[in-house]
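K.L.:
So TrEMBL says this about it:
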REGION    1-39  region 'Disordered'
COMPBIAS  1-12  compositional bias 'Low complexity'
COMPBIAS  13-25  compositional bias 'Polar residues'
COMPBIAS  26-35  compositional bias 'Low complexity'
REGION    325-350  region 'Disordered'
COMPBIAS  334-350  compositional bias 'Basic and acidic residues'
Amino acid sequence: MSSRRSTSSVQSNPTQPNSANRTMSTTTTTTTAAAGQTVPLKVNYRSPNALKADGSDPVYGDWRDDLVRDGFAVVKGAIARDRADKYADAMYSWLEGFKLGFDRNDLSTVHKDKLPHITEKGMCLQYAVTHEDFAWSIRGEPGVVEAFEKVYDTQDLIVSFDAVNFGFPNRTDIPKNVPWPHQDQDPLLPGFRCLQGLVNLLPNGPKDGGLIVCKGGHRLSEQFHEEMKDEPKIPAWTNEWFGFTENGMNWLADHGCEWEKLSAEPGDLLLWDSRTPHYNLSSETTQPRFAIYTCYMPVADATQEDLLRKKDALERWVGTTHWPNARHTGSNVAKRDGEDDPHNRFEPVNKPRMNERTFKLTGIPYIKPEAGMSAVEESAVRS
Ligand SMILES: [Fe+2]
């Protein structure tokens, strides 16, 4: 923790969330801490004006109508182009900073020996990359946060510490990226629970690889899982993931669902309902694809235990899944040829310079002293 205290520029004086004047609606849900382990239900307090995606929403007159109808939406220009370009530059510099031979101007240097570990799906999960300053700056971009504030009708949000995507074209040095159509939500917990997002940072046309979504799949989710409940399950490490089998894909097609690869400009925010089937495609061109996954949820959906676990993840500079309540936390130990990567990093190269908004998104300001943080410790973290 000392490194965090001495090096982060947390310039905030966040106030405790004022829940007294918030009109509450109460929904009881279950959640799962790990495969096979069910934990007590958390009561969700959602604003009555939060988007519901259940047929009862008003006409919003913006991208939220797309989200309700299709299960996904593109928020154009959530980040101004010049800022998006700077973030992409920082991401290229981060890759080159390993000094393994990768050169952004020479695609022949795209090779696993010259790069940190990146999966065939473009995911970079270790090296504390999720806490690099560029990632936190993107999470705090007003146009990104405000999209989630609109959906949940609250400014009291927390954000995931999810993967960073470095998708390079024509890779033959790593396994092929095969489709893994899935939804990121437990089928036993229906309804709109989570809005996922990613910020696109490079030009991304129809053939450039990236997110592909099943249009309208969210509206058929309950019916699908009821009718397909006896279909053999694809193994998953968490109940908050469900993979679509070939039969499942046929069911979606038979019910008129079409798959759509989303195109985007640098700075566009792509959003999708966690029930919407999706996966990502590799590029068919020479265009790389960079993206930061950004998922926010109302802090009211998280327990104090969740927030303490989330704080610990931040202090250890490790990641989470897309679920911001940090039920699952990651590791910074990447493997290279079966061994721990000698280039592993356990803290960011450029530690996040947080402002009041980003600090609130860590969830730390919402931790009650009696939940495990003393006033002295809280003060030290903020300084
Ligand atoms: Fe997903």
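Positions of Cβ are set from backbone N, Cα and C atoms, glycine also.
Looking at the shown structure, can you explain where the listed features end up?
P.N.:
Packing against the compositional bias 'Basic and acidic residues' (334-350) from elsewhere in the chain are residues 3, 90, 94, 97-98, 100, 112, 116-117, 125-129, 131-134, 317: each is 6 or more residues past its ends and has a CB under 8 Å from a CB in it.
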K.L.:
Helix, strand, coil: count each for the residues of the compositional bias 'Basic and acidic residues' (334-350), based on DSSP.
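P.N.:
Summed over the compositional bias 'Basic and acidic residues' (334-350), the classes give 0 helix, 4 strand, 13 coil.
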